[in-house]
Amino acid sequence: MSVNSNGLLYFEHLQPPPSDRKPTAQNEEAASDSSKEKQEDLGLWQEKFGSFLDIKAHGPTSIGMDFSLHGYDHVYGIPQHTETLLLKNTSDGDAYRLYNLDIFGHKIHDKIGIYGSVPLLLAHKPNRTSGIFWLNSSETLVDISTKAVAEHTPSRSASETAKQRAVPLTDVRWMSESGIIDVFLLMGPSAFDVFKQFAQLTGTQALPPLFSLGYHQCRWNYEDEQDVKAVDAGFDAHDIPYDVIWLDIEHTDGKRYFTWDKKKFQNPRKMQEHLRKKKRKLVVIVDPHIKVDPSYPLYAQAKEKGYFVKDRNGQDFEGICWPGSSCYLDFTNPEVRKWYSDQFAFKTYKASTNILFVWNDMNEPSVFKGAELTMQKDAVHYNNWEHRDVHNLYGFYQQMATAEGLIRRSSGKERPFVLTRSFFAGSQKYGAVWTGDNTAEWSYLKISIPMLLTINMVGISFCGADVGGFIGDPEPELLVRWYQAGAYQPFFRGHSNMESKRREPWLFGEKNTQIIRRAIRERYVLLPYLYTLFYRAHTAAEPVMRSLWIEFPGKVETFDVENEYMLGNALLVHPVTEKEAKTVTVLFPGPEEIWYDFRKFKRVEDAGTVKIPVTLENIPVFQRGGTVIPLKTSAGKSTEWMIDISYELHVALDAEACSIGELYVDDGHSFKYLHKKQFLHRKFSFNKNILSSSCVDESGQYHTTCVVERVIILGFGKQPTFVTASAKDGKKKEVVFTYDMKTSALTLENLALSVDADWEICIS
Ligand code: MIG
C-alpha cells in the first residue's frame, strides 16, 4: 500500500476570517439576497444549499488523501449504501458518500449515504487482506479507481528476458469536509487479522441477550394493549415461536418519548406482566428529538440544563419532527448522556419494567424540512464542535447513552438490547442496527444480503433488514422468501409501515403460515450455533455473517459473490431471492471442500457451481465438511421456553473424516459470564471415529442440566457395528444408532451426555 502516490494529500490551512469578511447577521441577509457580488464577499466562509445557508464558523476546512493498493482489484466496506458487495469504480459516476441521512424509499444502487457510516474500507487479493480506517465523522466522499498497470520484472540472468505483465491497482481517495487526517492502515495479513485490528481500535460486538437472537414482531404500529395481546396470542395459536413484540411511535403520548398514550395503553405494566408470563419481551421506540413543550418534563429539564444542540446563534436548535417543533439532545456531551441514561431508571421511566428494551430511530438525526432532512451543519454541539464535525456520530452517541441507561437500571447486572438506525465505527459495542426503510420488492430482498455482509465486515455483526420490506405490501411468496432469508441472518425482525396491510405470519393462508412457521423454527433450533458465533464476534471480532471470500481467501471465484454467504465458518446460505424460482445456482467452494445439505444430510455431489432444485419450502443451506454445529432438538414458544431443551450435534466430516466445532453457553442475559466467569465453552472434535467433548476455556464454569441427546454424523462411510459412549473416567455404555445408506448419515440417539462434562463416543 502506498500513500499519496497520486499527490492528493491536502488540508486547508485554518485562517482567521478577514475582518471585513467575518460572517455576521447582516452578511447572512446579504447572502440570502441573490446579489452575486455580495455573496462572493463571504467567499468560502459560507455556502448556500437550496434555501439553506451554511455559515462556516471556522472557515473553509477540508482534508483528503489518496492510497494506492498494489495488486488489489477487490475492495469492500464503507457502509451504508444500497449497493453491491464489491465497491465499484467511481471514475465515471458519483463517489461513495458517507453522510448519515434518513432517505424514505431510498433507491437501489445508489452511492448516496443512508442512515449509518463506517469509514473502513477493506481490500482483498488472494490470501491477503488490508484495511484503511479513515477516522472522521464529517461528510466524507470516497473515490475508487481500479485499473491494470504494467509491472516490469527485470531479468534475473543474462539468458532471461525482462517481462512486462499487467497487475491490478486500486486507488482510493478519501475526502472529508472537516476535522483532521487520522487514518489507520490495517495490515492484516488475513481478513480475520484486519477484523481484530479494527476491533482493537473500535471494540467488538456486544454479546446480545439470547432473547434478542429470537424472532421479533414489529409494526408501525401495534395499536393498543388489546392488539398486543391478540398478536401475542396469535403466535401461540399458530405455534410460531417469537421473543419480542415492538411498539412504534404511536404508543407515546403525542410523540413524547418515555411516556404512554393513556387511552391506548391504560396499563402498560400489566401488559408487560402478561408478556413476562409468556416469557417474552417488549421493545419500545425512543427517538432523539424532544417535543418543544414546557409541560413535558424531559423537555423542560433539558432546556433548563442547556442539553440541546444549539443553532449558530446560540439558541436551542429547533426542527420539525414527529411531535412537531422539536429540540435535539446533544448526545456528544457526556453529561447529557449520563442524564439521558438516567431516564431509563425504572422509577423515572413510568411503567417500564425489566422486560422492556429500546429502539433508537431517526437519529441521523432526521429533521423534517432540514437540509437533506437532517440538521444544519452550522448547528453547535458541546465544546463548540460544529454539527458538520460530528454529524455521523450523532446516532452512535444516542445508542451509547441508551445502552448505558439499560445497564444502569439493572445496577450493572443485565445486558442491554438497543436497536439503532444510525451508526458509526464502534456501534457494535452498544447493540444492533437495521437497514432502515426498505421496500417490499424482490430487489430489496436481494440487495439486503450484500448490505448486511458489508455491515458485518466493518465490525457490526448484529444487523438485519426489515423482513417483508417496510414500505408497501409484499406478495405472499416474497414474504415467505424473506422469512426464510431472515431466519439465517443475525437480527431477525418482521416490520411494516403504517400504510402497509397487516402482516402477521398467519395472515397468508395455511400453506404460507406453515412454511413461515418452519423457517422461524429452524432459526430457534439453530440458536446454540448462532449464540456461539456471537460469542466469537464478542471475544475474537469474527463476523457472524461472512462473505465467501473471508472463508475462502484464496479462491478468486468467491471474491464478488453476494447472493450467498457463510454463517460462521460452517453454514453456506443461499437465500432464494427470485420470484417463482425452481432452482438456485449455488457456488460451492472446492474442490477440497465437502458440502452437505443441512436438512437432508446428503452430500452435494459436485463442487463448483451447481443448480439446486427448490420448492417454496426450501431454504438452500449447506454444512461444510469439517465442522460440528450445535443445535437444539426442538423449538419452543420463545428462547426462555427452550432453556432445558436438549442439544443435537451435526458432525459433518471432511475429506479426512474429521471435524471440529464449538458450543458456548451461559445464562443468556446477565454479565455473569464476564464478571463471574459463569459460562461454558466446549469443543467437539471428531477424529479416527471418536467424537470427543472437551473444554475450551477452563476459566469458565456454568451448571446446566441440559444434555446432548442426539448426534448426527454426516458423510460416515460405512455401517458401524458397535457404538459406545463414555464419560472420561466413567463407564462405557452402548449407544443406539441408525445408519442411512442413502445419505451416509449416522444418527446416535438417547445419548444423555452432559454438556458441561468431557466424554467420548467411539464408533467401530
Ligand atoms: O419516518 O417510527 O425506519 O422503522 O417504523 C418514519 C416510524 C419513522 C422510520 C423507521 C421505521 C419506523 C418509522 N420511522
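Note: Cβ is positioned from N, Cα and C throughout, glycine not excepted.
Just so you know, TrEMBL annotations never went through curation; they're auto-generated.
Not measured: the values here are computed from a predicted model.
Per TrEMBL, compositional bias 'Polar residues' is recorded for 24-33. According to TrEMBL, the feature domain 'Glycoside hydrolase family 31 N-terminal' maps to 2-143. Feature annotation from TrEMBL assigns domain 'Glycoside hydrolase family 31 TIM barrel' to 206-533. Taken from TrEMBL, the feature domain 'Glycosyl hydrolase family 31 C-terminal' applies to 542-629. The annotation region 'Disordered' is assigned in TrEMBL to 12-38.
Per-class residue totals from DSSP over the domain 'Glycosyl hydrolase family 31 C-terminal' (542-629), listed helix then strand then coil: 7 helix, 31 strand, 50 coil. The average pLDDT for the domain 'Glycoside hydrolase family 31 N-terminal' (2-143) in the predicted structure is 87. For the domain 'Glycoside hydrolase family 31 N-terminal' (2-143), the number of residues in each DSSP class (helix H, G, I; strand E, B; coil) is 21 helix, 46 strand, 75 coil.
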